[in-house]
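Read through the structure below, which is laid out as structure tokens, and then see the notes.
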Amino acid sequence: MIISLLITRGTVINRYLVSIFIHVSYLFLALQNCSAIDNTSTITSTQLITDSETLVSSGQIFKLGFFSPPNTTNRYVGIWYTKFQVQTIVWVANRDNPIQDSSGTLGIANDGNLVIVDGRGDVLWTTNVSNIATRANNSVAELLDTGNLVLTLINDNTRRVVLWQSFDHPTDTLLPLMKLGGSKLTGKKQQLTSWKGESDPSRGVFSTELELVDGIPQIVVWSNGSKFRHWRSGPWNNIVFIGIPNMTNAYNDGFYLTKDDQDDSVYISFNYAAKNPMKRFIIDDSGVLLGLNWYEGTSEWIQTWTSQVNECDVYGKCGPFGSCNPLNSPVCSCLTGFKPLLEDEWNKGNWSGGCVRNTPLSCRNNFSSSNPNDGFLKLENVKVPDFAYWSESPTLVDCNRTCLRNCSCVAYSYDGGIGCMAWATDLVDIQEFNETGGSLYVRLALSDLDVNRKNKNPNRVLSHKNLRTIIIITVLVAALATIVCTYFLWMWFAKRRGNHKKNTKVAFDLDNVHGETPGSTMLGDNLKIFKFEELAMATNDFSTANMLGEGGFGQVYK
């Protein structure tokens, strides 16, 4: 009543003084009878946190309090790890509205909301939960060992209702059990937003979220306030994101996707049973996602994964119908059957214009939904393009037929964990991998497929018209090769048998030449072994008259 009179009678006090009076009154009503606390895990209506005090989770894993980033005196309320020498901030409350000095306090207001108030009584941040329908003494804020700050409503001293939690409002860090996703029904979503810089935790230009298009989830990094795509993970197949090369259990372990049909929501999260190492994911001020581990005995965070390893990881590097391979020079090339849209710009290294078809599709020219004059070129180990839609085709063959019968379908891909994916728009953000990735079947005119075959491109072509011909030719070639091999094997064995008989005949003749008698002994094929008596008789009992000479090996007789 007093405030109303002061406002209506402007001659009594100016608007500036009225504003100060309102803020101070709010602070007095909100934080009256409060006492300061330190090193506890909860805030109640009678307790608040001052600039020099902290909340500590029950297991002493996380701490909440006021902090200043490097090279600035601005004060923020944040959450960080307790035991690390290097202060690692995982959440910031008033990131866009810092306190200019050390006069700030954090407490529970009369309406039950958590508020940050500066020394002038200005409310710089609030949980802003509406329709709490309770008094402040029924609200309790607690810092959990997960790093989650939870505001709860206590009913009848037993039942607790979660009114608000920091995990639903992340900043730049994804912790275990934290969700990344959203609900179409409520419009709420959880996304990470980068800091502006190392000393400025306010909202930067990059953000990341779980995008769900036609039932196919993927992670997308946005730039410039969600206007431009900067990076994407590729589709989730219930095990990995198939657009992340070599994604294995080394850092995928613990990731899971949750869907809730009641509020039409989908979330991605991760959890690890082992406490060592501690893990977190962040988006930095350059738009790069990083996976970081802290091992016992170390004094720094170890990077285990990054979203951008090379220039091909930048979204749409080679434009529509272009493919990026970091091992090639230049890294961009047009898909088979396509050519640069702007050849001069392409040759200069400006690939954003992408590529266009060499030959229009027959299906679109003839307006026929079953014209067989188009086929598909198979590309293996690739990051499949963006903007896929899910097609109800249970097998790869069905996926092929469905796409071929639809003139607007320009490509398809099949993954056991996703099913049939198809594309009706330009193929954007294709990247070639060494081993991982998926298989993409790109629709081409048969004339371009024939050129591809003449150039001995190793990729396989699928089409209804030539599939039977390929099978018949393959069978005939295999049969002919079998016949030829059988013939040469027979000739080889026959030749060996003939040589064996010839050698046997020669050995028999040599035996006759030496005049071997029955009972004599042969050494090898044609050498005879003499008995001692025979040698003594032939040399007249080794007489010197029969000796030819002697040497290092003994005497020689005739």
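Heads up, residue numbers simply count up from 1 along the chain you see.
From the backbone N, Cα and C atoms, a Cβ is placed for every residue, glycine too.
Whatever TrEMBL says is automated annotation, not expert-curated.
According to TrEMBL, the protein carries these features:
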- 40-164: domain 'Bulb-type lectin' (DOMAIN)
- 363-446: domain 'Apple' (DOMAIN)
- 470-493: transmembrane segment (TRANSMEM)
- Task: Write out how many residues of the domain 'Apple' (363-446) are helix, how many strand and how many coil, based on DSSP.
- Result: 14 helix, 34 strand, 36 coil
- Message: Can you work out the mean pLDDT of the predicted model over the domain 'Bulb-type lectin' (40-164)?
- Response: 91
- So, by DSSP, how many helix, strand and coil residues make up the domain 'Bulb-type lectin' (40-164)? 3 helix, 58 strand, 64 coil
